[in-house]
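Contents: one structure, followed by commentary.
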Amino acid sequence: MGNEESTPIDESVPPQTLTSRTLEGLAEYIKSGKASRIVVMTGAGISTSAGIPDFRSPETGLYANLARLNLPYAEAVFDISFFRENPEPFYTLAHELYPGKYRPTITHSFIRLLHDKGLLLTLFTQNIDCLEREAGVPDDKIVEAHGSFARQSCIECKQPYPEDDIKRHIAAKEIPRCHHCKGLVKPEIVFFGEQLPQAFFENRTLPMHSDLCIVMGTSLTVQPFASLPGATRERTPRVLINKERVGGLGNSADDVLLLGDCDDGVKRLAEACGWLEELEKLWAETAHLLRDEVQPARHETAKSKDEALEDEIDKLTKEVDETLNLSKWHEEKVRSEIMTRSANGADAASDGLHSGSRPHEDEKGNLGHVFVSGASRDAQPSSTKSASDHKEDGG
């Protein structure tokens, strides 16, 4: 089941489980105690109010902003083959998106509230940002369908990599390498070309054991995640809290649509259940999770939410742009040196770019050539300065 167009159920068709296909009918069902095994399915839309761009929004999504850069295609930043050759773009993003820079939204706290009340069966999430964990949802209740920043390992020998080490490397703007084989390390985020985590397949039948399904902030375009809402039983109520109707939700007799902002939707549902005060208190407890370096921006009242998001995206795309343009110059320089050595009889040097040499980092594995200061950027060769001309207009 993807984001196909379908006809909403006729209003004359009565619900089978709920008293009505309304917020009030849904709240009555929850308060009655009949909803004790709730499955929640989420996408990037529940994190946008935290300042994290989603992936597919036409103007503000991550892919839309990466598309105007000199990537072979926008999704290449999450392509395992591209990562092997050039990990710089991903680690530039990782420096911006790594957990700890963003506060969970009230929607994340709503999921935590469901757990605290003993109602959460499982959370299936497409998100890699770990904000559910930051909000206090326990690890054994989360199925991260596309992986996350929660764990990391070597892409060659598969050895786990210490969390403290990768945090230090990302903070220092360095590319981490395996302690055992010196291979590239990456968070266990599912890249294009990789299999989904085994945990997803082990738990994908859980929706059929649920008595309520809540879908929030997702376009339901990516399979097999998009098929999860359809795995519930026919009489299980499903609620969609989303900006638009997706995935055929609204077709069944007990589907409830709360269209609009996710945060507003969960507050409306919490209020209808008599939980609003608890929810707001729980969310208030997450305020301390913001790092000092990002707190001023969060409390700057002069900017609207859209303006703050645009600033965040501009910063993100600027650093990715620098990554791609500077690494292109650096790689061309290395290739030129290899060709020169080869012409002098060093035949084995032609393999150096892929074996011994690492054009995406210096001899210490540092990304200093990516995150250059204004002064050092001006000192780059003229080909590096003009590379920013590749940037096009667009959101």
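Glycine is treated like the rest: Cβ placed from N, Cα and C.
All TrEMBL annotations are machine predictions without curation.
Among the residue ranges 299-326, 327-354, the one that TrEMBL annotates as coiled coil is 299-326. Neighbour counts of Cβ atoms within 10 Å were taken for the binding-site residues ALA44, CYS178, CYS181; the minimum is at CYS181. The highest number of surrounding Cβ atoms within 10 Å, among the recorded positions HIS146, LYS243, is found at HIS146. All protein chains considered, the CB of THR218 (NAD(+) binding site) has 29 other CB atoms within 10 Å. Taking the C-alpha positions, the distance from CYS178 (Zn(2+) binding site) to THR218 (NAD(+) binding site) comes to 34 Å. The binding-site residues CYS154, CYS157 differ in how many other CB atoms lie within 10 Å of their CB, and the one with the most is CYS154. Taking the Cβ of SER47 (NAD(+) binding site) as centre and 10 Å as the limit, one finds 26 other Cβ atoms among all the protein chains shown. Counting Cβ atoms from all protein chains shown, ASN127 (NAD(+) binding site) has 25 others lying within 10 Å of its own Cβ.
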